[in-house]
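Participant: This is the structure I have questions about; it appears just below.
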Amino acid sequence: MSNGNSYNHHHQFPMSIPISCSSHSIQSQSRMNTLNANRDLLSPGNDVIVTRTVSPSFYSHGMPARDNVFRKDDHVRILGNTTDPAWYRARNANQEEGLVHADCVVRINGQAYDNGIVRMRASGCDVAPGAASTTSSTSSHHSTAANHQPWFHSMISRENTEKLLRGKPDGTFLVRESTNFPGDFTLCMSFHGKVEHYRIEQTSGGQLTCDKEEYFSNLTQLVSHYKRDADGLCHRLVTPIICETATFSSNGSSSFGSSSTVDLEDRTSVFRHAGLVISSNDIDVGDTIGHGEFGDVRLGTYKNRKVALKVSKRHGNGMLDSLLDEAKFMVGLSHPNLVTLVGVVLDDVNVYMITEYMANGNLIDLLRSRGRHALERRQLMMFAMDICQGMCYLESKQIVHRDLAARNVLLDDDLVAKVSDFGLAKKANSQSHDSASGKFPIKWTAPEALRHSQFTTKSDVWSFGILLWEIFSFGRVPYPRIPIQDVVRYIEKGYRMEAPEGCPPEIFKVMNETWALSAQDRPSFGQVLQRLTTIRNTV
């Protein structure tokens, strides 16, 4: 494709085995019949799926190079024809343009593209004539499970949804049952003053998808995925609109969590012992500067120093426990490349976790906004080394981060990179097994961690390799053309991503070393840092 592609042609897997066709078969009458039959399907604006990866012998004379031809299972939109009646111009969701052969495509779900549903692009309307619905039993299962989530609003109308979301910060969201597609759901999100609606479609097997590329077993997994990265949506999911009618457990507490005063005292004693409890009178709370998993992030001032305040209500939204757990894990950590915990505020109507203020935001946003024209290779190397030094410190403390990615790296005034977001961190010798329910980012997590919950510092090393790929690709989403549910299977069959465009070979070698299938074959963070130091002095 014109923007490059991330597949490694040296690692074959079932979905991309080239199919050879003789020149005689191309000219056969049956093929011409197929071309004629597909004429309506190939009208500009239609969405199709590529059914086969064709080999160079399948090309007409003078056609472009192989990388300009879409591959098996790509979802593309037809742009128009070419001088060769067998070939059509098309574009995928990443805005990459290329070619498809007329008898190597089929309709999506057996239907021509309908303007009412734009794949991975909010249309403002979730109505598509003739769209099939899934079984009520599967829908009921998903609805029942989702009732325990604060962002699920069941049968709320579209009109009331827009009243709740309109004017809210970008990324504020809720999930509701679809009124026009019984059995499906709708993801609704505020963006640039408007409300965008994404249809969540159920497959015949009960899986859920927004784009027919990423599939999820339940709504919780889907929401967790899009909280980590927009991955084609207009914005990543940030702050849920809490449903006031959420179900309650048998003991009377909200199914998405509440905390008694006594329990809160017990769980915050670690901060008191560490001298990290700060009076609300000593904090000046300023404007909202972001939105995180727990709620708003606000700018504040403490002792004439700018700080960031993560805010959680004391009761009713189920996020207080997570905020306190993250803050508790940060107690005692001290390194120039880790975001520093300043303290917690417990005597306010809200609970605040106070950290140092990082003026340049997160790394993924900076990579994508500035790009290769503004960020020199030397700066990319500094990001990599900063992060690696922070991870060396965690390695020495036998702490596993478990969510290492560019989105969880923050940058200070001087663009020093610091690892943040310790919500999933644990001690390396911990016996907890909690990899279920979509908590962990599949494309960043080592295969043994996903398969067997084996989280070690070596699984963090794997994630660091993915982070390196993010840095040198200037913020691309890893495995951009592989469905999320297939990533582990491809990795175990030997597939690895190609080097990003312009990536130094020495850096790509480090990436591949961190992606050794066996955890014991991966280098330690100390060894990775030594390699990066050598590369920095030579590149």
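From the backbone N, Cα and C atoms, a Cβ is placed for every residue, glycine too.
Features from Swiss-Prot:
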| type | residues | note |
| --- | --- | --- |
| ACT_SITE | ASP403 | active site, proton acceptor |
| BINDING | ILE289, GLY290, HIS291, GLY292, GLU293, PHE294, GLY295, ASP296, VAL297, LYS310 | ATP binding site |
| COMPBIAS | 131-146 | compositional bias 'Low complexity' |
| DOMAIN | 43-110 | domain 'SH3' |
| DOMAIN | 151-241 | domain 'SH2' |
| DOMAIN | 283-535 | domain 'Protein kinase' |
| REGION | 129-148 | region 'Disordered' |
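In the displayed structure, how are the listed features positioned relative to their neighbours?
Facilitator: DSSP classifies ASP403 (active site, proton acceptor) as coil under the three-state reduction.
ILE289 (ATP binding site) falls within a strand segment according to DSSP. Around the Cβ of ILE289 (ATP binding site), 15 further Cβ atoms fall within 10 Å across all displayed protein chains.
Each residue in the domain 'SH2' (151-241) gets a DSSP state, and the totals come to 18 helix, 26 strand, 47 coil.
Taken together, the residues in the domain 'Protein kinase' (283-535) have a mean pLDDT of 90 on the 0 to 100 scale.
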Participant: Are there any residues at least 6 positions away along the chain from HIS291 (ATP binding site) with a Cβ closer than 8 Å to its Cβ? List them or say none.
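Facilitator: Same-chain residues close to HIS291 (ATP binding site) (Cβ under 8 Å, separated by 6 or more) are PRO169, GLY171, THR172, VAL238, THR239, VAL297.
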Participant: Within its own chain, what residues at least 6 apart in sequence put their Cβ under 8 Å from the Cβ of ASP403 (active site, proton acceptor), listed in sequence order?
Facilitator: ASP421, GLY423, LEU424, ALA425, PHE440, PRO441, TRP444, SER463
Participant: Within 10 angstroms of the C-beta of VAL297 (ATP binding site), what count of other C-beta atoms is obtained when all protein chains are considered?
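Facilitator: Step by step: centre on the Cβ of VAL297 (ATP binding site), count other Cβ atoms within 10 Å, giving 20.
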